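Q: So Swiss-Prot lists these for the protein:
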- 400, 460, 463: [4Fe-4S] cluster binding site (BINDING)
- 521-568: region 'Disordered' (REGION)
- 537-547: compositional bias 'Acidic residues' (COMPBIAS)
């Protein structure tokens, strides 16, 4: 059970000390309130000049080793069905409970169909694909065994994990937020330090509520000026990635700032932080301000009453100090940003809609020239081709990047009173059940269906195609998702990343088109802020202060016993050969494609490792030029791949 509770003032002052043991600190970082650690700062101390990232990081460091590795406390843990099965298995094997069930929120999103649920009975009968069904069933079994809060498919609050956290107020400023998912960076829009973790780390957080991490560098991207007509946050972040590249933020936490960012809504800020991963960063952050506070004010898990006032006072202190130092500074002029889209197979392959594809013959660097040619060959567009007018087969409006109510309103404003091109299959997938219900109250669903767009249920859908929503080989899609890698939305599928308005325009015209040339309707009755979310029974509000004894005495579910634990086995030490891979910013999709993620077993990477690079996707034949396939390398096992 997740509760919104408060901290007594005398406990909060102890958070100023860094020499407390983990268990002692944990009694103060209670439930969902370490987010707004009610610092009264009554104990004098020296305030260093710090960035937003510095402040949140420093407040969560429990211990630091000589090499800089830190043990940090984790405030929020979001869980879904794909990256959690092996983590729960590890807890069972060690006979451990989840340390903080009240700080953990789970849902299903990646594998589930987004077709109508009018006849939904249970996951077993609803999900037809066996591996997807198994992962979802396994999550439900683990939720029951370990006593966690769960938004299942029959729950109106179910949705994409990075949509439901913010709309419930589970995500709050100054928290550390993790999830076994790359796009956890979304939550940084609230001034939280949010980043994706691997399955082994998921297990570590479930067991200890801590992580071992090294501090990243500070990077500031300041966007100044008023955004031009037709330009959205999606265009801004695509432009930024085009400027700095997909490796530009490597090793950094990016703080997005400037008057352009300050003028954005929370939904828009979430879209930008969501794609900071595509810029190579560990996380993206925006300092909390009045826009943040107004968004959070009525959320079910936000502080209430006097706690709210104290929380806001603390949150306001998080902004980077005027003289704070950054390792990297980037300045962007908003006047330089037009409606932007991708032309190739990397988020850095961007041009304005008025631009054209590049010409490899004009690129001097041989590695870059080869990459551009490969991208053009895959995407099926010739060099120097104008992007406007490229025919599309499908339109996808959804994903954790662009599936919130603001995104749907923007798309509906373009679609209203028009019809989709007859050859286009267009789908709109709300990010959560609450977003879907709000859109239906506003009549957005009817606008879409009247135009021939398919109105779906909440889920990740076509963003990565682990569910039935996939592109067929050769199909071209205007997509509001975050990644356009080869095969991302389906084997052989071709993806162009665009804003919701640009996707809607492509659906109407049947081709990539400049939304600025489209008639855009007013959507009557649309509130400026996101809808107020109702507080439901599963969330308890507790106004009284909670002392430390009541925290550890709360019931915690214990997994089924597996007998006496034999203790943790000794670590295996591996030594081997480091093979060079001349590719920048290697992403998780490249390391292990999505089709190999549908397992609940600890299988290792095996044949999945760099599958798209090691094998021809059409024939399955081994690529003799890939580094791990070279016969000159000694016989070894590579991360689970045996090379004989």
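Every residue, even glycine, has its Cβ placed from backbone N, Cα and C.
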Q: To test your reading of the [4Fe-4S] cluster site: which residues beyond 400, 460, 463, same chain only, put their Cβ within 8 Å of the Cβ centroid of those residues?
A: 109, 110, 160, 162, 183, 398, 399, 401, 403, 459, 461, 464, 481, 482
Q: Around residue 460 ([4Fe-4S] cluster binding site), how many other CB atoms lie within 10 A of its CB?
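A: Summing over all protein chains shown, residue 460 ([4Fe-4S] cluster binding site) has 30 other Cβ atoms within 10 Å.
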Q: Under a three-state reduction of DSSP output, how is residue 460 ([4Fe-4S] cluster binding site) classified: helix, strand, or coil?
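A: Note: residue 460 ([4Fe-4S] cluster binding site) is coil by DSSP, not helix or strand.
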Q: Does residue 463 ([4Fe-4S] cluster binding site) have same-chain partners at least 6 apart in sequence with Cβ under 8 Å from its own Cβ, and which are they?
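A: Within the chain, residue 463 ([4Fe-4S] cluster binding site) has Cβ neighbours under 8 Å at 396, 398, 399, 400, 401, 479, 481, 482, 483, 489.
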